[in-house]
Amino acid sequence: MKTKAPMKNIRNFSIIAHIDHGKSTLADCLISECNAISNREMKSQVMDTMDIEKERGITIKAQSVRLNYTFKGEDYVLNLIDTPGHVDFSYEVSRSLCSCEGALLVVDATQGVEAQTIANVYIALDNNLEILPVINKIDLPNANVLEVKQDIEDTIGIDCFSANEVSAKAKLGIKDLLEKIITTIPAPSGDFNAPLKALIYDSWFDNYLGALALVRIMDGSINTEQEILVMGTGKKHGVLGLYYPNPLKKIPTKSLECGEIGIVSLGLKSVTDIAVGDTLTDAKNPTPKPIEGFMPAKPFVFAGLYPIETDRFEDLREALLKLQLNDCALNFEPESSVALGFGFRVGFLGLLHMEVIKERLEREFSLNLIATAPTVVYEVHLTDNSVKYVQNPSELPPENHIACIKEPFVRATIITPSEFLGNLMQLLNNKRGIQEKMEYLNQSRVMLTYSLPSNEIVMDFYDKLKSCTKGYASFDYEPIENREAHLVKLDVRVAGDVVDALSIIIDKNKAYEKGRALVETMKELIPRQLFEVAIQASVGNKIIARETIKSVGKNVTAKCYGGDITRKRKLLEKQKEGKKRMKAIGKVELPQEAFLAILKID
């Protein structure tokens, strides 16, 4: 494999696309056309390395690959960075785009521009990337290339007159696209003679090499004899190995030079030592300033994860630590619940991220887990003028100590076919949304901009959005600010005891209907006991809804044949006394379905 190329012959580019617009398939085509992987090793979605990515057909972890291509007798190096398309993983997109000079904007010829695509294009434009529009799936019978080109021009303002038309599935137009990448995307800029400055844009854990950093060399060069300074931590490390990225194997190299992309092994035990967005430089001759403008990923949604087998708490800790090695956005701390025992409060980027992590914990580490209802972080202003940040409903102070509660809001952009506009606006109003803008992109598609409370979108908003628009709407959001709201804590009491794992923070106007739905569902799920069980929903000390599970009766008079009625009465009275005593000291075991039911109730 050819390794070095002059900087003018390097092209660093990424692919921006919405889920399902054919991004990973196009990446496979480019890899195949450049012969980076032999036909025998080539398989579909070669850039998606996790089983869960292949099953769901989505990209979660951004991957990179180095391709060699000859054009007009010259050898070029094309560094392709595949990015995730789902809204939860937009932090992966933003850091990948920082290390590129250009991006392919891939749009499905049958669907047009989607909300997430617009968000990622704006990140690319902020980074001054050259954007090449690519219309994919042109071989489908319902493809409408001209309309989609017009759609891109109207929505994003990029000239699409000469946009490449391809079919990744049928391998049409791939050669032209590679040549367009070479002629249109600029070569990297940087000073070869300056001190080393390298941006870490991804990191992961390798069982043999430890924590690895995927870097873009901005200035200078790095070799295997060098000592490296990690500017964020101030620690120095020797270089154990340098590699070029390839989905199937790492290709060793003696050095990485200005403009190149590569993998650096420093023999570290954890990715926290090489945080994404940090700068690597030469320990003896450091660069004066680190690379600017990088924000660490912040969790957006929090949930409790508890092992069903309570003795597997330490196994869960080990599993979370292992996943954290590859996922710098995942953070967790131990917590305990009266109902569920010991577990962890885990921060996620969004609901898909939460689902993926839970599924990976169960699949890769054979854990049986239960997740509590997801929540966001609330800003609670207390009467003594102090401020407390609450992410767990059980931490909310008593009502008489609270001056006001502020909840985080997001700005949501939704693109929908106009026939579903009525249903969608009704859903947004139910979710306490405030309309900011409505814009017709063309005769059949509308773009809505709403501000919404974050806790309204973390439960089931995405599912409801898809069902009220038959799956045609696309959705993207960005956090904006905290706003004051009328929020209360809704508790569920079973046999008089508050079940802390079922508590939720909710809008005051929705508390009654949510409480009523909760107790009705719990009545169906909790098995009948030998004593009567009251299920209550309460806000503060006020009970707002109640259901009663009748006791199971044992026929204590079965062995009395005829005879005196007082004998039967005596036995029934004795039974009644026993039940009263049972009710006072009896504990109700809650089935796991009761906790899962909370997530399903609207």
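Backbone N, Cα and C atoms are what each Cβ position is placed from, and that goes for glycine too.
What you see is a predicted model, and the numbers here were worked out from it, not measured in a lab.
Its Cβ placed at the centre, Ser24 (GTP binding site) has 25 other Cβ atoms within 10 Å. Mapped onto three states, the DSSP output places Ser24 (GTP binding site) in helix. What Swiss-Prot records for Asp20, His21, Gly22, Lys23, Ser24, Thr25, Asn136, Lys137, Ile138, Asp139 is GTP binding site, and it gives sequence analysis as the kind of evidence.
What Swiss-Prot records for 8-189 is domain 'tr-type G'.
The DSSP secondary structure for Asn136 (GTP binding site) is strand.
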